[in-house]
Amino acid sequence: RPFHVEPTNIVSVDDDTHRVTDEASAMNKRIHYYSRLASPAHRALIAPDHVLPAPDEIYVYSPLGTAFKIDSYTDGHGKNSSIVTIFMIWNTMMGTSILSIPWGIKQAGFTSGIILILLMGILTLYCCYRVVKSRKMIPLIDTSHWEFPDVCKYYFGSFGQWSSLLFSMVSLVGAMVVYWVLMSNFLFNTGKFIYNFVHNINVTEIIPGTNGSNKVICPGAAKDYPPGNGSVTLFSGNSTSFELFEEWWDKSQTVPFYLIAALLPLLNLKSPSFFAKFNVLGTVSVVYLVFLVTVKAARLGIHLEFNWLTEDEFFVPEFRILFPQLTGVLTLAFFIHNCIITLLQNNRNQENNVRDLSVAYFLVGLTYLYVGVIIFASFPSPPLSKECIEQNFLDNFPSDDIMSFVARIFLLFQMMTVYPLLGYLARVQLLGQVFGNVYPSVFHVLVLNIAIVGAGVAMARFYPNIGGIIRYSGATCGLAFVFVYPSLIYMISLRRAGQLTWPALIIHIFIILLGLANLIAQFLL
């Protein structure tokens with residue numbers, strides 16, 4: 001099939017000279033990528049600070065909300081060792097989904113939950129490998145600066161370009177909505193803890209929970225009690241100030257609006273690269289969560305009872321019809337497909353890409369399994385039912401729990417530094433594509449940011465269910481980037497090369513159908 005090739009993209013070899021140099025450095029590739037987002041007539045898109053690192057440092061971030069600086073592990077040419085590459089991939093995928101894994105296991109059933117984590121890890125790894133290979137299967141063109149949306153545009157034209165933009169925006173905006181809901185949650189609990197501590201207020205939760213120093217609560221049962229913030233207060237003195245505090249410090253009525261004053265101005269900054277310096281807290285937060293889970297499990301013990309098909313008062317069946325809710329969460333939990341090319345092209349030894357990607361996925365799956373299984377297994381049943389496990393498992397610990405308070409502080413600060421980066425990425429992708437300029441005017445940027453923030457506030461106010469938001473956005477963007485595009489591109493490449501076989505065709509059509517079924521099931525269950 002004939003196609004147009006621009007002369008500047010051809011990799012040429014002169015008989016009297018050596019081949020053109022190996023790949024350009026990682027820094028130059030990122031600069032080139034950003035410069036292509038603006039039209040030649042609009043040079044307002046200048047490579048921001050975070051893609052112009054010093055020779056010995058590099059920033060890595062993804063739409064899923066992690067970013068960090070590497071300043072001592074490169075070889076001086078912008079290349080990373082295998083161990084750094086594996087850590088980068090692990091750190092990038094470790095997002096907010098980890099908080100919902102125990103809830104997802106509860107929805108699927110303990111045994112089927114473990115099986116699904118393993119199967120989804122293998123499936124998304126295979127599709128991720130297809131994404132990495134897709135760029136290399138294009139003949140005669142230098143694709144060293146291409147990202148996966150460029151590959152989609154090559155194969156599917158303007159439809160591939162704009163559809164990949166749409167699904168990428170779904171993942172970005174979905175992540176930002178989840179962040180707003182979680183930040184509202186963490187800010188509410190943190191403020192409540194500080195207020196009670198400063199005023200020496202002893203708050204007794206009226207919702208069901210265990211007794212003792214390792215208290216676990218069941219917020220979902222609050223619907224059986226009078227409305228309010230779910231607590232009664234035991235202290236001496238005038239209670240007017242506390243009642244006023246509870247009125248103005250409400251998780252869904254007021255706190256989501258308070259965040260606007262802090263975050264909306266930050267979204268309007270032309271370059272939020274300053275915040276990338278703090279995002280190493282993402283790694284610290286995940287490590288601390290693993291530590292918290294381990295300590296809590298050691299204190300609570302293991303509470304398991306295997307009921308294969310029937311439910312009882314305290315336990316759930318091993319296999320449940322609600323399992324697609326977990327697969328939706330896992331699609332986003334293992335989602336790295338829209339930035340994996342960038343991460344792997346900086347690997348010093350390109351021949352190790354498959355191995356390093358596989359090891360990183362194994363570590364991610366192991367982390368999810370550990371947190372999910374330990375929280376589910378140690379949840380005290382009886383006296384509480386496993387159905388009490390919340391979509392954010394930190395909600396199962398009261399606001400006055402010290403370890404949970406520290407975790408919320410870490411996560412709140414980390415998310416507040418990542419949120420402007422996510423907004424900048426949304427601005428680059430949407431405004432850069434539509435207007436050819438990532439900052440066409442203050443008005444354009446403000447309208448976009450108000451729309452994104454408004455979506456977050458609305459969800460925090462009316463639908464503060466991060467598990468639901470994650471599974472819907474994960475299944476939607478995963479349909480394109482995980483299941484459909486990698487499989488279609490691979491089949492088209494094989495067909496053009498005359499190597500497409502019936503087994504390959506059947507397998508990849510089946511993968512596409514799995515992704516479609518995963519999305520449809522989110523709206524049925």
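Cβ coordinates come from backbone N, Cα and C, glycine included.
Keep in mind that this is a model prediction, so the values were computed, not measured.
For 81-194 (among others), the entry in TrEMBL reads domain 'Amino acid transporter transmembrane'.
Sequence annotations record features per position, and here TrEMBL assigns domain 'Amino acid transporter transmembrane' to 258-521 (among others).
The transmembrane segment annotation in TrEMBL covers 83-103 (among others). Note on the transmembrane segment (83-103): residues 60-62, 64-66, 68, 70, 73-74, 117, 175, 178-179, 182, 282-283, 286, 289, 329-330, 332-336, 339-340, 343-344, 346-347, 356-357, 359-361, 363-364, 367-368, 371-372, 375-376, 379, 389-394, 415, 466-467, 470, 474 of its chain, located 6 or more positions outside it, place their CB under 8 angstroms from a CB of the stretch.
Annotated transmembrane segment per TrEMBL: 109-129 (among others), in sequence order.
For 162-182 (among others), the entry in TrEMBL reads transmembrane segment. Proximity of distant same-chain residues to the transmembrane segment (162-182), defined by a Cβ-Cβ separation under 8 Å and at least 6 residues beyond the stretch ends, is recorded for 63-65, 95-96, 99, 148-149, 152-153, 156, 256, 259, 332, 335, 338, 392, 411, 415, 418-419, 422-423, 425-426, 429-430, 433, 452-453, 455-457, 459-460, 464-466, 469-470, 472-474, 476-477, 479-481, 485.
Positions annotated as transmembrane segment by TrEMBL: 253-269 (among others). Away from its own ends, the transmembrane segment (253-269) comes close to residues 180-181, 183-184, 187-188, 191, 275, 416, 419-420, 423-424, 442, 445-446, 449-450, 452-453, 456-457, 460-461 of its chain (Cβ-Cβ under 8 Å, at least six residues beyond either end).
Summarising the annotation, TrEMBL assigns transmembrane segment to 281-302 (among others). Long-range contacts of the transmembrane segment (281-302) within the same chain, counting only residues at least 6 positions beyond its ends with a Cβ under 8 Å from a Cβ of the stretch, are 65-68, 91, 94, 98, 214, 216, 367, 370-371, 374-375, 377-380, 397, 403-404, 406-407, 410-411, 413-414, 417-418.
The annotation transmembrane segment is assigned in TrEMBL to 322-344 (among others).
Same-chain residues lying 6 or more positions outside the transmembrane segment (356-377) and placing a CB less than 8 Å from one of its CB atoms are 82, 85-86, 89-90, 93-94, 97-98, 101-102, 104-106, 110, 113-114, 117-118, 121, 124-125, 128-129, 132, 286, 289-290, 293-294, 296-297, 302-304, 330, 333-334, 340, 344, 347, 386, 389, 393. What TrEMBL records for 356-377 (among others) is transmembrane segment.
Residues annotated as transmembrane segment in TrEMBL: 405-426 (among others).
What TrEMBL lists as transmembrane segment is 438-463 (among others).
Taken from TrEMBL, the feature transmembrane segment covers 469-492 (among others). Within the chain carrying the transmembrane segment (469-492), a Cβ under 8 angstroms from the stretch's Cβ atoms is held by residues 96-97, 100, 104, 124, 127-128, 130-131, 133-134, 137, 148, 151-152, 155, 160, 163-164, 167-168, 170-171, 173-175, 177-178, 181, 325, 327-335, 337-338, 459, 463, 500, 504-505, 508-509, 511-512, 514-516, 518-519, 521-522, all 6 or more beyond its ends.
Counting same-chain residues at least six beyond the ends of the transmembrane segment (504-524), those with a Cβ under 8 angstroms from any Cβ of the stretch are 123, 127, 324-325, 327-328, 331, 471-472, 475-476, 478-479, 482-484, 487-488, 490-491, 494. Feature annotation from TrEMBL assigns transmembrane segment to 504-524 (among others).
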Tertiary contacts of the transmembrane segment (405-426) (same chain, 6+ residues out, Cβ under 8 Å): 48, 61, 63, 65-67, 96, 169, 172-173, 175-176, 179-180, 182-183, 185-187, 189-190, 193, 262-263, 266-267, 269, 271-272, 275-276, 278-279, 281-282, 284-285, 288-289, 292, 394, 399, 448-449, 452
Three-state composition of the domain 'Amino acid transporter transmembrane' (81-194), taking helix and strand from DSSP: 99 helix, 0 strand, 15 coil
Sequence-remote partners of the transmembrane segment (322-344) [C-beta within less than 8 Å, at least six residues beyond its ends]: 29-30, 33, 60, 62-64, 85, 88-89, 92-93, 95, 97-98, 100-101, 104-105, 107-109, 112-113, 116-117, 120-121, 124-125, 127-128, 131-132, 135, 146-149, 168, 171, 174, 350, 353, 356-357, 361, 364-365, 368, 467, 470-475, 477-478, 481-482, 486, 518, 521-522, 525
